Structure formats: structure tokens, C-alpha cells
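Peer 1: The structure that follows is given in the form of C-alpha cells.
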Amino acid sequence: MARLSRERYAQLYGPTTGDRIRLADTDLLVEITEDRCGGPGLAGDEAVFGGGKVLRESMGQGRVTRAEGAPDTVITGAVIIDYWGIIKADIGIRDGRIVAIGKAGNPNIMSGIHPDLVVGPSTEIIGGNGRIVTAGAIDCHVHLICPQVIAEALGSGITTIIGGGTGPAEGSKSTTVTPGGWHLARMLEALDSWPVNIALLGKGNTVNPDALWEQLRGGASGFKLHEDWGSSPAAIDACLTVADAAGVQVALHSDTLNEMGFVEDTLAAIAGRSIHTYHTEGAGGGHAPDIITVAAHPNVLPSSTNPTRPHTVNTLDEHLDMLMVCHHLNPRIPEDLAFAESRIRPSTIAAEDLLHDIGAISMIGSDSQAMGRVGEVVMRTWQTAHVMKQRRGALEGDPSGRYSADNNRARRYVAKYTICPAVAHGLDHEVGSVEVGKLADLVLWEPAFFGVRPHAVVKGGAIAWAAMGDANASIPTPQPVLPRPMFGASPAVAAATSVHFVAAQSIEAGLADQIAVDRRLVPVADVRAVGKADMPLNDAQPRIEVDPDTFTVRIDGEVWEQQPATELPMAQRYFLF
């Protein structure tokens, strides 16, 4: 019996079990561990669309109607990279949700077809063969300073935004907060027409519980405590007390100046309760110099932001000016300058690299336009993984060798911007992974451009953003090929395929009838019992110590030496600027 070579099979149908794929121009490789949609022994039976190919009437396409269960869309032959594994499969989408991950086609003439992947006349096909699919990214730290930030986010593969703001107001430029019911209503209305899921954070800096409850009834999904509004132990305790009663998450940017207490006082105020600590490395803010030690605690869900990812020879130089602008500081005031300089510590930034690699810092966000870049969350995550592989070699459980697969490292790092923030904020019943039942928020990548620019962004089953050529060309591919909004980004479709995540109290208060939005309001799940152990593949709790004089960081007793990277992948090979 004639058999295809692995090379030829990959050319025709995409890679299969045992094949390895390089991610962009990094040193990272992933290996397909399972092929649910074919394989070399089944060549010719794979679901492939095109002239003379399988998915034609009475061949790979059957007669089943949509009413009889045919999926609306099938993504064929995609390599899925998710926290739970790296496999190849066809992905079925129906009513904007993932309904099956397996083998698609016509069971009348094909074997092994998943019952929810029977292709019919009502089924659209997205070619995933030779491409990678990941869950839509979740940016857990977004300042909503301008609406254009949403387009940048979508163009990088982000489909869910957690954060706050009201536009270019001083409060929003410094803090990820949408304060009060009026602002929450206006922002929910403003964001209704964008194809992204939204979870707004209300202002948590108060000791008045009534002011917190009214924000939950007004559409907040949780709270943000920020030092620029005063993150005192009393405010932390009051906010967490209401959060415990409401079941929502609290994000904390703690007191850099240690005016209201030290890191020990903040931990005492938290009192073992679940909390998401922003800027856990400290460069973006938080108790100087030892906020990074909170990553060792079982109740703390730590994240850091992308301007310090990874530590390079340029990281320190760009941070001082960023800090002065973002926190409304005056370089002519010595105290303001000292405040800025106290936060930029190369030793803790370097330690951030290692803590991400061992899974001790669980999440990465952008801090968009407030010391971070919303379009670089995905890219800088994988740059960090690359740098750590170069420095530390294979991760535990991965084989060693130049061309060995890095599946465990890939799964850990993809989790940092997908499932981990979803779990932390109570969104994982809807988003955060490529799993049956969840919203079909999916990103397709050409392997050579993985993490750099998506091939297409599917939002709730509709293509919302894609790499597209000249619209006046005779075919879709002529230059310039740019990330462009697609029909799924039109306001009516965006509202139909996206959700606003809100506290359950706003649903009970009838918020949907009080604001002008067309999308569903979805209550966040109760997160008050969520701890570090619930962060998939990112649950490490090492002992972390910071010398108060030298800022030297010890992790499990070992000093992590600074070796800032001098060259990165996913950079000038892809971008002119």
C-alpha cells in the first residue's frame, strides 16, 4: 500500500502526530501529541475544502440540515495549543460556541466522524490546516484611555478585556478604574459595539461599603484598588469584605511609597483572602522593594505587565519616562523623581523572568497606555518563554536537546493570558480555553507569525479581524496585507457575539433594562475561594526574599543573577518600527 511521506502529508493536510512546529522565529518548538482529524494512515479522508477536495456535496459534505444539528462553522485540521494540551483537530462552532473538537465530515461515507461535526449545506469552512489555533487572549490589565486600544488589542489576538477607565482622564491614565454607576453605564454602552468581551473594574478605594455595592449594581465585575487613590490597609479590608459577600475579584496596585504600611501590613489586611495582585514584580508599582514576595502566598493570584517582559538591556531606560507620564508626576519635583526611581529595580525585573518560567507569577497583562502596550501581551509572553529556554534549557517534563519539543513550557505560557485570568476573575465558564461549551473566541496563526500577528480572530463564531490584502484586488492576498476589521466587527454582530461580564448584583438590579446595550450581561462566577492552586500550570509558591538594601532577590534561597537579553525574536524581523 502506497503511503505519503510525513513531509508530503504536512504539505497537503498540515502536520500530524509527532511533527514539531517552530513558533515564529523563537527557539520554541511544540510537538503534536494527538491527531483527531486524520493522520498519515488515513490520508484522503481528512476534511479539506477546495476544488477537487473532500468537503463537497455527498462526499465530505453530507445532507444534514442545521435543524438536524449541523455546525455553523468548522475549522479544519488546526493545531490547538492550549493549557490542556497540543493536538490537531477539527473544531465545530454552533451558535457562537465550540460544540466539538474531533473529526469533521460526512459519516455516510467517512469513518470516525464526531456526531457534532457532521458537515452539512449550512456549514461554513475555515481552513486551519497548517495553522495554529489558540483561545482568544485575555488582557487582565487594561486602561481604557481611548477606544483605539480595542482595535490594537483585537489585532494582536485579544478577545476579552479586564480593566477600566473613562477615556483620557487623569484617573483613567493612572488607574484601571471605571468609578461609579454613571461612568460604568456610559462605558458599557460605548463598548457594546466592539467585538470583545468586557469586564469593568469599579473603584475599590473606599471604606464606605455602600459606595462599593452601588458600583456592583451599576455593572462592575469587581474592583480595583490603586495606590493613586490610596491603597490603605483599611480600604483593602473594606473592599475585600464587600467582594467576599458579592463573590467578585479585587485587583490590587499596592502602596509603592510604603506610606500607609509595608508589604506585611498589606498582607495582614488581605488576611488570606483571594486577591489579584497587579505589578507583582514592582516596576509598575507596589511596595518597594519587596512587593514581589507576595507571589509566594497561596491566596495571591499574581500578574505582571508586558513592558518588563522580558528583561532586556533597554528595559530600565524606557521605564523612567513612562512612569513620570503615567502617574502624573513632575520631574522638577525631587520627591516625584525619587518615587519613580524607587520602582525601577533591575534585580526584581530579572527575577520576574524566572518566576514566570517556574509558574510562580501566573498571569501577564498589558497595562495599556499606562506603562504597557496592549498589542504586545501575546508577543512578549512568548519572548519571555524564548529567553527562559535559552537561559534555563528545557522545562521540567520537556525533553532536552536543540530540536526537542517545549510542550510543557508552551502550555504554561499560553495559560498566562488565557485560562489563568479567566479563572482569577470568574470568566472561565465562558472564555479562556479551547473547550466545548465555551464561546468560540479563537485565534488562527500562521506558524511563522505565531504570537506576532494573527491570521484571523474569530469572535463568538464570527470572523472579527483578519490579515487581509487590498480590497480592490482580484484575490484576497495582494499587498498590503494588514490586520483589518471584518464583518464580525460590525456593531450589531459584535454585540451578538460578545458579552459584558458583570457582578450578579447588577443582573438582580435590572441593569440590562437601564442601559442602552444589545449584548448579553453575564454574571461572573464566584471567585472568593480561588487561590494560587487554581491557576493551571502556574501554581508554584517558592520562597521569595528581597534584600532591603541591595534589592537582591533570592528564590528558594538561590540568587537569580541579572542577565538582560541583548536580542529578541519576534522583533525587527517582523516590524519596521
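Along the chain as shown, residues are numbered 1 onward.
Note that Cβ sites are derived from N, Cα and C of the backbone, with glycine treated the same way.
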Peer 1: Select one of Asp357, Asp367, Asp398: the residue that Swiss-Prot places in the Ni(2+) 1 site alongside His141, His143, Lys224.
Peer 2: Asp367
Peer 1: Of His276, His279, which one shares the Ni(2+) 2 site with Lys224, His253 in Swiss-Prot?
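Peer 2: So the Ni(2+) 2 site in Swiss-Prot includes Lys224, His253 plus, from the candidates His276, His279, His279.
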Peer 1: When you measure from the Cβ of His226 (substrate binding site), which residues in the chain that are at least 6 apart have a Cβ under 8 Å away?
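Peer 2: Set apart from His226 (substrate binding site) by at least 6 residues yet with Cβ under 8 Å, we have Ser174, Thr175, Thr176, Val177, Asn205, His253.
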Peer 1: Around His279 (Ni(2+) 2 binding site), which of the listed binding-site residues (His143, Lys224, Asp367) come within 10 Å, judging by Cα atoms?
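Peer 2: Among His143, Lys224, Asp367, the ones whose Cα sits within 10 Å of that of His279 (Ni(2+) 2 binding site) are Asp367.
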Peer 1: To see if you understand the setup: which same-chain residues, six or more apart in sequence, place their Cβ under 8 Å from that of Lys224 (Ni(2+) 1 binding site)?
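Peer 2: Residues satisfying the criterion: Gly163, Gly164, Thr175, Thr176, Val177, Leu201, Gly202, Lys203, Gly204, Val250, Ala251, Leu252, His253.
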Peer 1: For a quick check of understanding: among the binding-site residues His141, His143, His279, which residue's Cβ has the most other Cβ atoms within 10 Å?
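Peer 2: In terms of Cβ crowding, the pick is His141.
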Peer 1: Roughly where does the domain 'Urease' (136-577) sit in mean pLDDT, to the nearest integer?
Peer 2: 95
